[in-house]
Every structure is written in C-alpha cells, then in structure tokens.
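Here the structure comes first, spelled out in structure tokens, and everything after it is commentary.
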Amino acid sequence: MAQHLLHGTLHATIYEVDALHGGGVRQGFLGKILANVEETIGVGKGETQLYATIDLQKARVGRTRKIKNEPKNPKWYESFHIYCAHLASDIIFTVKDDNPIGATLIGRAYIPVDQVINGEEVDQWVEILDNDRNPIQGGSKIHVKLQYFHVEEDRNWNMGIKSAKFPGVPYTFFSQRQGCKVSLYQDAHIPDNFVPRIPLAGGKNYEPQRCWEDIFDAISNAKHLIYITGWSVYAEIALVRDSRRPKPGGDVTIGELLKKKASEGVRVLLLVWDDRTSVDVLKKDGLMATHDEETENFFRGSDVHCILCPRNPDDGGSIVQSLQISTMFTHHQKIVVVDSEMPSRGGSEMRRIVSFVGGIDLCDGRYDTPFHSLFRTLDTVHHDDFHQPNFTGAAITKGGPREPWHDIHSRLEGPIAWDVMYNFEQRWSKQGGKDILVKLRDLSDIIITPSPVMFQEDHDVWNVQLFRSIDGGAAAGFPESPEAAAEAGLVSGKDNIIDRSIQDAYIHAIRRAKDFIYVENQYFLGSSFAWAADGITPEDINALHLIPKELSLKIVSKIEKGEKFRVYVVVPMWPEGLPESGSVQAILDWQRRTMEMMYKDVIQALRAQGLEEDPRNYLTFFCLGNREVKKDGEYEPAEKPDPDTDYMRAQEARRFMIYVHTKMMIVDDEYIIIGSANINQRSMDGARDSEIAMGGYQPHHLSHRQPARGQIHGFRMSLWYEHLGMLDETFLDPSSLECIEKVNRISDKYWDFYSSESLEHDLPGHLLRYPIGVASEGDITELPGFEFFPDTKARILGTKSDYLPPILTT
C-alpha cells in the first residue's frame, strides 16, 4: 500500500478490546526458553497484564497502561496527542500481554493512513489480526478513534511568535510564566577583553554575562537554601579564577564554600548522579569520571546533605528494562536554586528564589572562556584543572593540548525560578531520603511567593517556560491515572508516567520558525524511523525523537513555497572519549545516518522544484577547533606524550577540537531553548536520561514586523563573534543566502588552516566546516583526503558497532 507523509498531530483514543479468547502465542525457540524461565523463577503465571501500542509503520508513538486480570475485555479509554513526521501506509494498534521478561503478542489491528489523511475523524471497531494477517481466535476487535491534523492547520505554523499573547507550548507540565528576567551565558567565564560591539534595540549594546561568577555570588549570598543537581559536581574546583576580576572570598573551592554556607545554617542539598559503573574496581573513575563517590566522601560528616542518586526505573517495567535504565541512563539535569535578595529594595529582609539552568556541570574541565586556549592557560587557570579525556594517559605533566570546553547556561528570575525549585523538590522527595526540604510556608514572611520581577511593559521582560525529560521513577507527585497524567501535560506509558516536554518544545519551535534556526548541541542524531536501511534494520534502533526530521521537513516546506530558510548546526568534532573507540565510532555512524536522511530530503525537494543548488545553502554543519603557535614563556611540561600517539601528534601540530557541550537552539533571533538535553534519544525520550530546559522570548523583541534585536539576537551575535573571530553585517540576517554562503566560506577556510601541515599564525576563528562531503543524491561522503580526524586513526563517518546495543549509543 502507498505510504503517505503524516506531518502534524495525530489525536488517538484506544477504548477497549472485545471478546478476547486465550493468550497470544510466543514465537519459536526463544518463546520456549522464556516460558521455561518464567516457570522456574515463578513469574508470569496466572494474571494477564494487557496493554496496547500505537505504531506509525514501524515507529512506536504511544502505549497504554497495563490492565491487570481483564483477559477478555480490557478497557483502557486512553487518549494520545501524538506529534508525527512519519511516512506510513498504516496506523497499527498492537495488543500485548506483559510479563517480567518481555511481552506476548495477542495481535494487531490496521487502519490505512488513506482513511485519516484528509483530516476526518475515524471512530471504529477494527479487527485484530495475527502475524499472517488472519483474524485471531474469536474474531476480537479493538475500538479506536483517530483524527489527523496536518501541520499547516496549526495557526502557529511558519508564523513565529506573533505577539506577547503567545501562550507557550501546550500540553506541558509547566505553564509559561510572564514577568521573568533571563541572563544568558556563553562559556563558564567571559574575560574583560572579550568585547564585541553588538547594537540592540533601544540604542543599547549587548553585554555578556559571567556564569560562574554569578553562581559564586548567588551561593555566597544565600541565607536559607541552596539546592544543586548535577550529572557531576566536583568539590575541588574553584568558580572564580580570573586574576583581573578578584572577589572577596573567591579563592575557595565550591566544596568549601558549600560547607561554609551549611555551617551558617543554610539548607544545602545536593542530588548528584550515582554512576553505577563507579563501584567497579576496574573503573576507578567510572566510565564517565563523575567523581560521585569523592564528592559524597568530601561532604560526609558535614552539614551539607549530598545524595548520590541512581537513575532508578519507574515501577513496573520488565526485569530487562529495569536493568537497562539503572545501568545505562543518567541524571543529567544541571541546576542551582538559591534564595536571593530582592532587586532594588535597599535594606529589605525579603527574599526571592533565583535559579540557574543549562549545560554546565559544576565540575572539573568546565571552566573556560570564549578564547578556548589549548596551551596558554596550562600554567594558570587550567594547571590544576587539566581535562583531556580523548587521549590515553593525558596529564598536565605531559602538556597540552587540553580539551577546551564550550557551553551555554542561563539564570532565571521571577515565577520561572520557582518552577525549577519545584522540579528539585519533586526529585528530592523521590530520591533524597529524609524530608529536609525547606518548608517555604514557614518562611512566608521572608520569602515572597512566585511573582514577576518585571512589568510586562518593561522592554527587557521575558516570558519563559520550563521543560523536562523525566518520569515517575525520578520525580514524586506524578499522577497515577492516564487521564490525570494527560491533564497535567504528561505522557502515560505501559508502566510509567513521562514528562517529555523538552522534545515537544523543540518540535513546536521548529514548526513555528519563519526564517532560520541555529543549533549548538553535543549530539545530533535521531528520527531513525526515516534512516536508510543501509546495513541496519531502522526499527531496531529506536532513536525515534522527531527533531532532525522536523528540521528537514521545515526546509522542504520552505523550498516548496519558494521561501528562504536556513539551518545552522554546530556539533563537536566527535563525542568526548577516545575517538577510535567503539562507542564514539557508533555515535558518529548514527550522526552520519541522521545527516544523510536530512540532506536526501533537502535534495529531493530542490530537484522537485528544478533547482540544482548546493544543499549546504539550506542545511550546514560545523564543529569547533583551535590551533595556536608556540609563544615565548609558555608552560613547558616535564614529560612528553608517548611517540606516535594521537596525543603526541596533536601536541606537535598544536591543534585540538573545542568540545561543544552546549544544548541550545535559537529560532529567528526571537526564541531560545537552553538546557541539559542533547539531540539524541537518551535526552529526548523522557524515560531515559533526566533533563531540564528553559524556553523563552522577550515579548517586546519579536521578529514580527522587523528583525528581532533583543537579548537573544545579541547572544547569537556574541556566539558568532566567539566562533568566527569577527562581526559582519551579513550575520544580522542568517536567513539570507549571503549570510549562509559567507559562514560556509569562512568555515571552509578555517578547516583548511586547522588541517594544514604547517602553522604560521593562530587560527583566526574557531568555526570549522564539519569535515564531510554531500554527494549529489544526499549521501554523506568523506572530504577528499580526510578519512580520519586530524592526528587520529578515527574515521570521521564512524563505524557501525556489532556489539554495543543501540539503546546505549543513541
């Protein structure tokens, strides 16, 4: 049957199944083994646990809760609001019986996409069929209702944010908040000599903010509470390191600062991810070197409450799923919540809540500036914070290059800050143990209730919304029933309740976009349902989030209308780690497949319009790198790296990637998302890694009638100044052909400088073309002469792993 593109929203309801007879049949040898295992360990006998799923072709897009002990007539009555961007011939409803090891297939019902594509409501009983498409015993049927809304029926499609009345992303746990203030941070620190002149509306110039200085001040000035969550928190790092900007008390480590505040009576609570691999004797640092046990030991016996927090599964999953979640997934939110003085109320005792959200963990290797030096800070700010996990045996005693760190963070003030605190309270209540959260009700005469910090008339005011990827295994207070969950903007699964609003926020922002999108992210992979079956079975990958496909479909829709639209994506050269290792190569392989899927969409759309244009004028990928000539008086290491290693080659060539750890998207210079979530399935799933993000805009700086010139525009221009080493008039309009051609041209030139044999000057900027080619049909190819990243034997296009399960690397 012909496949149709379903791009929009599918409203689906699964009511009930009538007249089921007997269980389903397990297939083949494995089925017999599972039956024997169940009999031996005494599980899976007796009760039925029936649930239903919705698939668009082979992509799972919804699932009901389990109904226990209703073997004949299970009634779910569950409704789903499904974002779709899938080619499909059928919408498939599958009924299964769950058990601790896996699930038994009862049967499947099919509704052809032809029936829903025109938008009419379909409400019918559909026959349930077996694997051979014959009716199952007893002729059972499932009652479902479907209605499809094409993306162009959405009144926000292609419109951007039309006015200050824009209500935010619908169907989410947290509503959009008005009257907020946001500070945007590029990198952990900005030195005084980073001063791009970027004009904003109202005759102002953009002023960069300093993240770790502000966090230091916020912690230092807290009087009642300091709440911190992190993937990693390392007690031994210093937040203040710029000798030209000293602060009173700034020479302490964050661990000592938190102990001091706790001893003064401030409630200091830390939730740090418990890396389950870190107990393994063979992995003294854990796979990811998070220092979780060192941090716990540092605070033991002090007034600081530090909880190591495993990523526990929500209750009720199969044994296999539970093992996957607790050993493979992480707590990834990076937040700081403090009480703070009231702005401009001299002498007032009243306090408010201020929160920080973004990509920067308070740990080693994160302190950096937009200059991202490889060698020149090794005797100063990075001497005791030398981070280089991409080479075996790298150490300060052997010298650079260190791994520079590019990241983005935000400070939130106003009602939105309380939402971040509520997220912490939900997580602490679930996994923190003792009930020692500060009872704000008892402090109501000191800490104000959530209230605006700015009037809506103020030209600097923000509207902000909080988004998460999290489930009931990590947050308390989620409703039990699917109806209540849907009401609260949550998604109900087979055995868990999920907040997946970060993915929703990205989808919404992409669909609204008018002119351009600028993405910086540590990972870029997904929409595996649309990947080519080149050596893989796409439905086995399960990296099902929509973001890459939504981006390519947005470009396609603009090409079809003859309108301009550009997408710029910055990723790291490779994911942190040994670049030739199996996991890094597997992720690069998924990234290549994602890029290829997108470029094929773009090229097909151009061909359909009779255009033979360079697809990089619509969609373009970059990475960041630095290269420095040797200067007199530079740090001289006592030892050398081993000969003929990546480390030695990089040291001799004086170059290395700048690690892009950011998780940010800017749309039309008017809307920004900043958080902890990567563009991969782990971060976007909701039931894998736990994440948090903000999405916001300034209602007085929309790109409705003229280009937006508020803080978001200033922030993007400041980032481009950091990456390109220059400002240019063409950068003011990223949607123009002149702009994308110029940025591509500069990044091509910088890649040539970066990868050349000899080096006469420092690299003039950091933005490098991502070193791939795009063939005439959209296939991703090697750039001539670049099978491997410079100084390595690691393939740029990646290598499919035959032993690592996709759930680990997607």
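Using N, Cα and C of the backbone, Cβ positions are placed for all residues, glycine too.
Source: prediction; values computed, not measured.
As recorded in Swiss-Prot, the features of this protein are as follows:
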type	residues	note
DOMAIN	1-126	domain 'C2'
BINDING	Asp187, His372, His406, Glu722	Ca(2+) binding site
DOMAIN	327-366	domain 'PLD phosphodiesterase 1'
ACT_SITE	His332	active site
BINDING	His332, Gln522, His661	1,2-diacyl-sn-glycero-3-phosphate binding site
ACT_SITE	Lys334	active site
ACT_SITE	Asp339	active site
DOMAIN	656-683	domain 'PLD phosphodiesterase 2'
ACT_SITE	His661	active site
ACT_SITE	Lys663	active site
ACT_SITE	Asp668	active site
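The 1,2-diacyl-sn-glycero-3-phosphate-binding residues named in the record, His332, Gln522, His661, extend over a maximum Cα to Cα distance of 13 Å. Packing around Gln522 (1,2-diacyl-sn-glycero-3-phosphate binding site) is summarised by its Cβ count: 21 other Cβ atoms lie within 10 angstroms of its Cβ, all protein chains included. Asp187 (Ca(2+) binding site) sits 10 Å from His661 (1,2-diacyl-sn-glycero-3-phosphate binding site), taking the Cα positions as reference. Closest to His661 (1,2-diacyl-sn-glycero-3-phosphate binding site) by Cα-Cα distance, out of the recorded positions Lys334, Asp339, His406, Asp668, Glu722, is His406. Proximity of His332 (active site) to non-local residues of its own chain (separation of 6 or more, Cβ distance below 8 Å) is seen for Trp231, Trp273, Ser676, Ala677, Ser683, Asp689, Ser690, Glu691, given in sequence order. The DSSP breakdown of the domain 'PLD phosphodiesterase 1' (327-366), given as helix, strand and coil counts, is 2 helix, 17 strand, 21 coil. Outside the domain 'PLD phosphodiesterase 1' (327-366), and at least 6 residues removed from its termini, the chain residues within Cβ reach (under 8 Å) are 185, 188, 211-212, 214-215, 218-219, 221-234, 236-237, 239, 254, 271-273, 275-277, 288, 290-291, 309, 311, 385, 387, 389, 403, 405, 407-413, 416-418, 420-421, 423-424, 427, 443, 446-448, 450-451, 453, 466, 468, 470, 474, 522, 661-664, 674-677, 682-683, 688-694, 807-808. Spatially close to Lys663 (active site) yet at least six residues away along the chain are Gly358, Gly359, Ile408, Glu520, Asn521, Gln522, Ile674, Gly675, Ser676, Ala677, Asn678, Ile679, Ser683, Ala693, judged by Cβ distances under 8 angstroms. Long-range neighbours of His406 (Ca(2+) binding site) (same chain, six or more residues apart, CB within less than 8 Å of its CB): Gln186, Asp187, Asp368, His372, Glu520, Leu624, Ile658, Tyr659, Val660, His661, Thr662. Other than the site residues Asp187, His372, His406, Glu722, same-chain residues with C-beta atoms no more than 8 angstroms from the centre of those residues' C-beta atoms, the Ca(2+) site, are Gln186, Asp368, Thr369, Pro370, Phe371, Pro404, Trp405, Asp407, Leu624, Ile658, His723, His766.
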